[in-house]
Structure formats: structure tokens, C-alpha cells
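According to Swiss-Prot, the protein carries these features:
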type: SIGNAL; residues: 1-17; note: signal peptide
type: CARBOHYD; residues: Asn49; note: N-linked glycosylation site
type: CARBOHYD; residues: Asn79; note: N-linked glycosylation site
type: CARBOHYD; residues: Asn118; note: N-linked glycosylation site
type: CARBOHYD; residues: Asn154; note: N-linked glycosylation site
Amino acid sequence: MVYKLVLLFCIASLGYSVEYKNTICPHRQDYRYWYFVAELTIGVNYDINSTIIGECHMSESYIDRNANIVLTGYGLKVNMTIMDTDQRFVAAAEGVGKDNKLSVLLFTTQRLDKVHHNISVTITCMEMNCGTTKYNSDLPESIHKSSSCDITINGSCVTCVNLETDPTKINPHYLHPKNKYLYHNSEYSMRGSYGVTFIDELNQCLLDIKELSYDICYRE
């Protein structure tokens with residue numbers, strides 16, 4: 001009888017010990033597995049003609065369950081935060097497309113879909129047409145997605161912004177480091193798209209990432 005009571009106690013203790021708890025990925029400088037979480041396209045009203053090696057710099061942090069990345073390059077500062085999340089940013093790359101469009105590839109430790117997230121993006125003009133806040137509102141979504149996104153644009157250099165989350169395509173010519181492994185969403189219905197434009201139709205802000213060359217943003 002005593003043996004049975006001890007066994008029941010052990011089973012109950014084991015069941016209690018595996019109760020779900022929130023955890024996060026430990027901080028590393030050399031994550032090997034990159035998930036392609038978002039592609040951000042930004043149009044500007046000054047000339048950017050080609051991808052420049054070493055132009056983009058990045059810093060990332062994870063504080064109070066908020067994942068943040070800050071990118072600088074091509075006259076812009078891009079600050080993105082994913083709120084209340086277990087994931088963190090691991091890398092980014094930037095490339096220049098036609099008609100003065102900048103494409104930003106963002107990589108994290110896991111995907112966005114099936115979990116509601118609040119995403120905040122701030123884009124600041126650093127060199128040309130700097131000035132007061134031009135736009136501060138929710139970023140309209142053109143494809144239904146569970147995440148919500150707000151954007152702030154400081155300065156008048158930005159002509160359009162398009163954000164695609166959990167993209168289903170990744171540039172096959174993107175030259176990522178050989179010791180990294182890239183993953184991306186394969187379910188078309190789970191991707192999201194948000195955009196705003198100031199001078200052109202929004203579809204003019206879309207780029208075929210297969211036509212671009214990218215350079216990885218250097219960590220600061």
C-alpha cells in the first residue's frame with residue numbers, strides 16, 4: 001500500500017514539474033538557424049542606385065518580451081519591434097531595387113503566424129528631406145493577418161512602405177553565410193501584407209526579391 005502511495009506521489013510530482021512555462025531562446029551572437037520572418041520595402045525620393053557592400057549596420061535587443069532591431073543605411077534608420085514574443089532578431093540584409101526602392105530582409109528565431117503580435121515600425125530620414133513626423137498610424141493590411149502593425153515615418157523622404165510577414169519566397173540567389181540555415185513559410189494563407197503609399201499606387205512599392213542582390217547588415 002505504501003509503495004502505491006509513493007508511486008502516485010511521484011507521478012503527481014512529475015505531472016506538476018512539466019507544467020508549461022514561458023521560455024525564450026538564449027542570447028547568442030552566432031545563431032545558425034535563420035527564419036525569414038519579414039520583407040520590408042521602402043521607397044525614397046532621392047537616388048539610391050545599387051546595393052553597397054558594408055552600407056547597412058544593425059543592432060538588436062530583447063527586453064521585457066519585446067524583440068527589437070535597428071538598421072541604418074542608405075540615408076534611413078529603420079526601427080522595428082515585435083511585442084510580447086518569445087522570438088528575437090538574428091540577422092538582416094538590405095538590397096536596392098529599381099526606382100529608388102530599398103528591400104530589407106529580416107530574420108528571427110521563429111515564425112510569426114498563428115500567434116497574435118503587435119508590430120511597430122519607425123522609419124526616419126537621416127540625410128535627405130529630414131524633418132517632422134509625416135505619418136503616424138496603423139499600417140493598413142491588404143491581406144488578412146492576425147498581427148497588427150503601426151508605423152511612424154519621420155521626415156518626407158519616404159514615398160511608400162510595404163511590409164510582408166512570413167513570406168513564402170526567399171531569394172534563391174541570396175548569398176547567406178555558408179554556416180547558416182535558412183527557413184521560410186510554405187503556407188500561402190499564413191502570410192501577411194501591409195502597406196501605405198504617398199505618391200504612387202501601392203503595387204509600385206512591390207519588388208521581386210529575386211531580381212535584387214543583398215548585403216548582410218553588420219552587427220554593431
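The backbone N, Cα and C atoms fix where each Cβ goes, and this holds for glycine too.
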- Looking at the glycosylation sites Asn49, Asn118, which sits with the largest number of other Cβ atoms within 10 Å of its Cβ? Asn118
- glycosylation sites listed as Asn79, Asn154, least Cβ neighbours within 10 Å: Asn79
- Message: What does the structure give for the C-alpha distance between Asn154 (N-linked glycosylation site) and Asn79 (N-linked glycosylation site)? Integer Å is fine.
- Response: 11
- Query: Given Asn79 (N-linked glycosylation site) and Asn118 (N-linked glycosylation site), what distance in Å do their CA atoms have, once rounded to a whole number?
  - Reply: 14
- Can you tell me the three-state DSSP label for Asn118 (N-linked glycosylation site)? strand
